[in-house]
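Novice: Structure in structure tokens, see below.
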Amino acid sequence: MLISNEWLKEYVTIDDSVSNLAERITRTGIEVDDLIDYTKDIKNLVVGFVKSKEKHPDADKLNVCQVDIGEDEPVQIVCGAPNVDAGQYVIVAKVGGRLPGGIKIKRAKLRGERSEGMICSLQEIGISSNYIPKSFESGIYVFSEAQVPGTDALQALYLDDQVMEFDLTPNRADALSMIGTAYEVAALYNTKMTKPETTSNELDLSANDELTVTIENEDKVPYYSARVVHDVTIEPSPIWMQARLIKAGIRPINNVVDISNYVLLEYGQPLHMFDQDAIGSQQIVVRQANEGEKMTTLDDTERELLTSDIVITNGQTPIALAGVMGGDFSEVKEQTSNIVIEGAIFDPVSIRHTSRRLNLRSESSSRFEKGIATEFVDEAVDRACYLLQTYANGKVLKDRVSSGELGAFITPIDITADKINRTIGFDLSQNDIVTIFNQLGFDTEINDDVITVLVPSRRKDITIKEDLIEEVARIYGYDDIPSTLPVFDKVTSGQLTDRQYKTRMVKEVLEGAGLDQAITYSLVSKEDATAFSMQQRQTIDLLMPMSEAHASLRQSLLPHLIEAASYNVARKNKDVKLFEIGNVFFANGEGELPDQVEYLSGILTGDYVVNQWQGKKETVDFYLAKGVVDRVSEKLNLEFSYRRADIDGLHPGRTAEILLENKVVGFIGELHPILAADNDLKRTYVFELNFDALMAVSVGYINYQPIPRFPGMSRDIALEVDQNIPAADLLSTIHAHGGNILKDTLVFDVYQGEHLEKGKKSIAIRLNYLDTEETLTDERVSKVQAEIEAALIEQGAVIR
């Protein structure tokens, strides 16, 4: 984007040099790639008035001109331009002057006639041929308006200017316009931005009487509007407008087309102007193209369209390729009198695909691709109406013909001063922060310590709190952020943190139990994103995933661990024991960063012990997996409890939730037989723990106790109970009545079958008693044992 300083001053006034402005803009995030000075290498360039022109006596292609350059007498200049003529105001390089390329102007004789200066073309003063009006491509430049001879020609041409070239990143589409840049500059210098005039004197005639607009697919075209201007006069644009277009890299054509391009650069809103009489209908229908449909664009090329393309039609025939290029038969020509001005919002993806496929890149398509500001769509059309009325003698019809919805002009985001200060290291007051947002043109609402920032649609790069924090840092000044030393809760001298130590300890426990550590992808398929999830929350999906298998961020580590086990088993490695410590992700509200939680998961399948010498095998089972989990809890000095549960994807009768301090922190269970079969796995057991929750409870030290000086006692008890009663319920009853001498319990046998009623099972439990202060007696233990048995009988158990 090329930003003219002379043009920028129309919206914002600052007392600073262009070089300082460019430096400041670069420091705040928009790189100024180049600074173009149109006065560089130019000296003694003035406006001249050609008083007379005579043919050169000795050269057919040369003319001898008498030119008034504001001095006492006219000077004689020999000129070879085919379009030079008496009565013209022209650009003159005086004797002693300089032009780009090191050209020095001297007195000379051309075929015997003296020449005291040079009548210049735009190319000769450094303007690229690509941007010069076609009428001056092969001759000198002629002013379309009367000038004062002898005045500075660069000032008369509005080229006494410096232009900044922005190297924009895709997120800063707002700076693809003069107004967007003016907002940025106003914020940097804490000044006000003045918007241009948009109000026209309207006729009583309504555009609704001459035009209708219909959108067939609002997903691709959310909004389309049109205004009508009658009786325009096609002529060259004013010099100032032509100069601004040239400095922005656009060739001036005529006042109507130039106004369209001017407003595009001013607001960043692409417009299209149709010859109303050439449309051939009072209907404008916006639809997707028919497969194989053809149209000829403004570059005289016939295009074959696809259904993915969006076209503007007169109800039958395409008159424009939406957002990319107009059609040839409705273009503005010299005889055009009545204009229809289009202002619309088109789907960025559709515009990108169409422009890429047809190799049609334009100023309009590049802006539609990045997304445009809804707040400027109608305002830009109104601005074009005002300019057509002012510079093309147009008569503006009242009312706007539209279809669809513009959408929200603002996006509210809540933030606090504390959040900003903690993130950046500032100490700004709430008023300071609100002032910065107001400098940026963002309205704010304050409710206690919460600042609600109303972000305008032109700033599509601001969607979350962190974006607002960046804006505060940019405008306040990155260089002004105070240097501070990092603050730590606890400083360690080159040693592991408590969490690092405990994580390493857990890994050693699991590796010692025969499990291998795995590291899997954080991305899973959308179907697997919520599988085994302990929190039923919204998933985080990629907008453009590389494959369907990696389309969402995981909420569990198990889907990929199951894949890893299946992969190994398919390659004859049938005994698989893996664990992983990794992050899972849960979405928050729109504009909020997701929660990132560290989990610990494991999977075991096949044989746990293979003794080839004796031929004995121990197959992985629930209790083996539970033993691994219990070993983790012991190492972290935690106490888990288990509660029967039903979890999708796990065996309904062999699954339990893992509780810590009465809160669910994980689960353990056998993989559902159907899921196991789908992955060619035999009986497979998995567990998953919220590792962050464990770390939050686990203390960073181990409590040591003396070795008991007195012997303990063990009693076994066999209970016949209903098969649906979990052992955990029985153990809970035992511990509730065991007093302070019952140290632990162990289920060592479960039996169902012969000699038991149907629906019953026998559970054998060992109870270990110990008193650390004195030797236990049989009488004391028996008394406690009797209380326990009575409680179990009351629970429905039969003592065997």
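Note that Cβ sites are derived from N, Cα and C of the backbone, with glycine treated the same way.
Reproduced below are the annotations present in Swiss-Prot:
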BINDING   Asp461, Asp467, Glu470, Glu471  Mg(2+) binding site
DOMAIN    39-154  domain 'tRNA-binding'
DOMAIN    408-483  domain 'B5'
DOMAIN    708-800  domain 'FDX-ACB'
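Can you walk me through where each of these features ends up in the structure?
Specialist: Glu470 (Mg(2+) binding site) falls within a helix when secondary structure is assigned with DSSP. Residue environment of Glu470 (Mg(2+) binding site) contains 16 other Cβ atoms, counted within 10 Å of its Cβ in all protein chains.
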Novice: Beyond the listed site residues Asp461, Asp467, Glu470, Glu471, identify every same-chain residue whose Cβ lies within 8 Å of the center of their Cβ atoms for the Mg(2+) site.
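Specialist: The surrounding set, listed in chain order, is Arg459, Ile462, Glu466, Leu468, Ile469, Arg474.
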Novice: I'd like to know which of the binding-site residues Asp461, Asp467, Glu471 has the most other Cβ atoms within 10 Å of its Cβ.
Specialist: Glu471
Novice: Take the domain 'B5' (408-483) and count its residues per DSSP category (helix H/G/I, strand E/B, coil), listing them in that order.
Specialist: 33 helix, 19 strand, 24 coil
